[in-house]
Amino acid sequence: MYDILQPELWVKIIDYSGEINLLLTDKNFFELFNLIDTKVDVVEYIVKNNLIDALKYFILLKKLRHPIMEKNIVTIKSLNKCLIKSCKKNKLNIIKYLVSLGADIKAGDDCAVQLASQNGHLEVIEYLVAQGANIRADNDYAVIWASRNGYLDIVKYLVSQGADIRANNDYAVRWASRNGHLKVVKYLVSLGANIRTENDYAIKYASENGYLRIVEYLVSQGADIRADNDYAVGLASSNGHFEVVEYLVSQGANIRVDNDYAVRLASSNGHLEVVKYLVSLRANIRARCDFAIKWSSSNGHLEVVKYLVSQGADIRSQNDYAVRYASTNGHLEVVKYLVGQGADIRTGDDYAVRWASRGGCLEVVKYLVDQGANIRAKDDYAVKWASEKGHLEIVKFLISQGAVLTKN
């Protein structure tokens, strides 16, 4: 293949493409390295692509002081960088070779063993430890991240090597709980991890993320479900984790704290099943000036909006906030429903049509105009901002309806 073009043409092709993989296909191409302008670190590229034979050849040229090495300098710093990346990517054969060339496994505060632990590469960790890596560097980063990412075998190995599972205020068990790694959580607790640190962080965030089995286990170990003003049930509701909410309530969680935070956030995020359940427990859907209906409307959750209205929510609260922000965010079906329930689209100097225009919501704008919205309110705010934001179709429509677009 090399012979089909002149070397200078190959150089131009490689410089134009920025790709050096062709240079690694045979020795003839490899000789072109000194002629190209690419800034690619050759060693790093070779390691990234797991080309150990190419790496060995490259190092051989260095030992022979081949002219090509005048441009491609191999330093300990570059070897260390490649070692760390190889540990992250589980390239044990290249790791061993880099170490044989002088790469420092402890470079960057033992970054290599930390990243191998974080990414679940047990054999790499064992090799690095055999070479003297410090698993406790950076406040036991290795065991913390192995726990956080659910690598039980690595956690056990690091513990056998002296890792402190309670480092950084029991970070390991807190994040294993938050990320849903039950086996890791149980193992850490069996070794004395404190599940109640940071104001019961573990159960709060396990609840927030919907890990029912972990929540149940933490409760069995003495976690306080009501910590931090019933944060657990509030965040479980906010994220729609019905089973977790139901369980926390069965354990005594108070759904009404913080001005009915639970039902407000469940409504805001569109979790109808949770909303209905909380209402069945006497949650106040009208708390905080009808926050629930306002934000479910603003976020476009039509079924939640309908349910809240059926339960007595005031769609006109705070100067028709619901229809104004449903319009602003382009939720046409919600806007139509609210209008059908008596919402006033013209409140706030025709806020709804002005901000629907500004936000580029053409269908909402058309509907509001059809319902009698004044597109010229606030000195033709609607067309000015539609123009400013680049919404050409809205500008055309508004002008066709009598809006006046003036030059500043």
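All positions are counted from 1 along the displayed chain.
Cβ atoms are placed via backbone N, Cα and C, with glycine included.
Taken from Swiss-Prot, the feature repeat 'ANK 1' applies to 78-107. Per DSSP, the repeat 'ANK 1' (78-107) is made up of 22 helix, 0 strand, 8 coil.
According to Swiss-Prot, the feature repeat 'ANK 2' maps to 108-137. Across the repeat 'ANK 2' (108-137), DSSP classifies residues as 21 helix, 0 strand, 9 coil.
Taken from Swiss-Prot, the feature repeat 'ANK 3' applies to 139-167. Each residue of the repeat 'ANK 3' (139-167) gets a DSSP state, and the totals for helix, strand and coil are 20 helix, 0 strand, 9 coil.
Summarising the annotation, Swiss-Prot assigns repeat 'ANK 4' to 168-197. Looking only at the repeat 'ANK 4' (168-197), the predicted model's pLDDT averages out at 98.
According to DSSP, the secondary structure content of the repeat 'ANK 5' (198-227) in residues is 21 helix, 0 strand, 9 coil. Per Swiss-Prot, the feature repeat 'ANK 5' maps to 198-227.
For 229-257, the entry in Swiss-Prot reads repeat 'ANK 6'.
Marked as repeat 'ANK 7' by Swiss-Prot: 259-287. Same-chain residues lying 6 or more positions outside the repeat 'ANK 7' (259-287) and placing a CB less than 8 Å from one of its CB atoms are 230, 233-235, 237-242, 245-246, 249, 293, 295-296, 298-301, 303-304, 307-308, 311-314.
According to Swiss-Prot, the repeat 'ANK 8' annotation covers 288-317. Residues of the repeat 'ANK 8' (288-317) grouped by DSSP class, helix first, strand second and coil last, total 21 helix, 0 strand, 9 coil.
Annotated repeat 'ANK 9' per Swiss-Prot: 318-347, in sequence order. Panel annotation: around the repeat 'ANK 9' (318-347), residues 289-290, 293-294, 297-302, 305-306, 309, 353, 355-356, 358-361, 363-364, 367-368, 371-374 of the same chain, lying at least six beyond its termini, place a Cβ under 8 Å from a Cβ of the stretch.
The repeat 'ANK 10' annotation in Swiss-Prot covers 349-377.
Per Swiss-Prot, the feature repeat 'ANK 11' maps to 378-407.
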Secondary structure content of the repeat 'ANK 6' (229-257), with strand meaning DSSP E or B: 20 helix, 0 strand, 9 coil
